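TrEMBL has this to say about the protein:
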TRANSMEM  141-161  transmembrane segment
TRANSMEM  198-218  transmembrane segment
TRANSMEM  230-248  transmembrane segment
TRANSMEM  254-277  transmembrane segment
TRANSMEM  298-317  transmembrane segment
DOMAIN    323-395  domain 'DUF1736'
TRANSMEM  384-403  transmembrane segment
TRANSMEM  415-436  transmembrane segment
TRANSMEM  442-461  transmembrane segment
TRANSMEM  470-491  transmembrane segment
REPEAT    511-544  repeat 'TPR'
REPEAT    545-578  repeat 'TPR'
REPEAT    579-612  repeat 'TPR'
REPEAT    613-646  repeat 'TPR'
């Protein structure tokens, strides 16, 4: 797969600045527009090789600091705990599981179907010989570098137009502006989550094949001599296939077909939307003479794109099943509001926050849910001005795009808005509920549209002002600040402690931030500080059952059993199927000598999670305390069946059989356990004691007795 991607990359990256006699007017026109940026980007940087080298190098510098980072945040569930990465899992299972390793048919599945991304994780796992994060991080950094270089070709088409020489070589009519846009993209700090967080691989791969699909679509017009209605059907079909591959990496990849359609209509078909609207409003009879409407090739390509996209979505729908993904109110509170008006206002406010992250990516956070962004429920809330400002800007840009007399300006603004909006649509809540409020990772592709519009803005500003050195200083300052912010943010993503603490100043109302800081502190043994953060998480979100469960566990270990029981009881009342909380409640009740209640709690936990070896182990301990030896042995046997390496369950069985005089059975169990866990010293010691009591001294291994002592 990597070889195929590399071959496409090399083929698509073939840019030429040579011109042909038939295209000289277009070259001169675009050279005049591109010259506005000459004072910012010197001509010595413009040769394609050097431009790509600069963009690739800068992109690597931005995120190189994360190369030796840990697995953080969602990496644990998507990679470390994902059985689909291990060799014993059949490759075919990847096509029936979601991104997190759950079956798509499960009620708990988020329906995030990204089998090709999971396949690359599996390749990383095999090549590195286990869960060694460096290989995963280096792959992400290299992917971002490759995508940034590929953006040079994409921006050269979007900003300079699509023109080929008589030999089929694509002309780069905007070398300076495409280089500046690519540098802005390569250094944008909002990309840190995608690059420094391993699960961001989905967005990187989706973007890679998205761009390859777009450039492949451009290839369809390479050998047609720019004759109206002509194209290469092979490249159109290949573009659709690459769009499908992009979707199998990340859901928003399929939106490339929409961008291809807009590009075809505006650039290839040269449609003037404003002119068409005016003719429709005035019932102009010349409407039927508009070239686009009579272009059979364009209609055929639109049919291919529409039918290909519909077919891909149908196949995905059949694989995933018809059930919607399971999200909770804390994931996306606005989507659970009954009022359509409240939902609409908050969705638009979320859009404005995404726009602000593109404009000013200084306040970045790994998670924006759980109260980080309070709902707007009143027209008097000052935050309603944010979506108003956003729509004012978008409408202004759209009017400028439609009403401009310059077709090059119309093309750049329209395609820039298209690249900004179309890839964002799957995350907009317009078509279905998403499982987040704001997510920096979904801005990876839309940021290309922002960088394109920003570059155009710098060019326009430079053209109409004499202070060109000041504009150059501003542009270089933005690039420098972006690089600096990327380096700092990459360092924060190196480990969970820095990542979680960095979010406290950005989202102090986010219960999940406090929960994760507390969990990290608890894992490092600082229970006192962990309790403080867990309590704050519960205060911010009184229904946060996971924080209650973890806080209850710590209080249990500190022998504060009454409060622990209250917290765990509240957790299971809020979420009756929370198996871990039921088990922990049983442990607390057992410590309080409330044995019947403890047994009931354990049974309830097993009811909600049938394959729960730790709960069977704790149930066995309860039965042993009650001298119900047969029940205890059965419970521990169930634990070892579900988890053969459950050393504590094996050891307790040996000890119980030894204490009750069943030495032969204890010996048999001990030998069975050591076959499964051959290097467990506690099992060796227990078996050695049994063999000693059976006077089988020669069978006792000296190292087992020594290590036990």
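Backbone N, Cα and C define each Cβ position, glycine as well.
Same-chain residues lying 6+ beyond the ends of the transmembrane segment (254-277) with a Cβ under 8 Å from its Cβ atoms: 161-162, 210, 213-214, 217-218, 221, 239-240, 242-244, 246-247, 287, 290-292, 295, 298, 301-302, 305-306, 308-309, 312-313, 402-403, 407, 410-411, 414-415, 418-419, 422-423, 425-426. For the transmembrane segment (470-491), the list of distant contacts is 39-40, 58, 61-66, 69, 180, 183-184, 187-189, 191-192, 195-196, 361-362, 364, 458, 461-462, 498: same-chain residues at least six beyond its ends, Cβ to Cβ under 8 Å. Contact between the transmembrane segment (198-218) and the transmembrane segment (384-403) does not hold: fewer than three of their C-beta pairs are under 8 Å, each pair 6 or more apart in sequence. The stretch with the most CB contacts under 8 Å to the transmembrane segment (384-403), chosen from 141-161, 230-248, 298-317, 415-436, 442-461, is 415-436. Contact check: the transmembrane segment (230-248) against the transmembrane segment (298-317) gives at least three Cβ pairs closer than 8 Å, residues 6 or more apart, which meets the contact criterion.
Shown for the repeat 'TPR' (613-646): DSSP residue counts in helix, strand and coil, namely 27 helix, 0 strand, 7 coil. The list of residues near the transmembrane segment (298-317) in space but at least 6 beyond its ends in sequence, with Cβ under 8 angstroms from a Cβ of it, reads 113, 220, 229, 231, 233, 236-237, 240, 243-244, 247, 254, 257-258, 260-261, 264-265, 268-269, 292.
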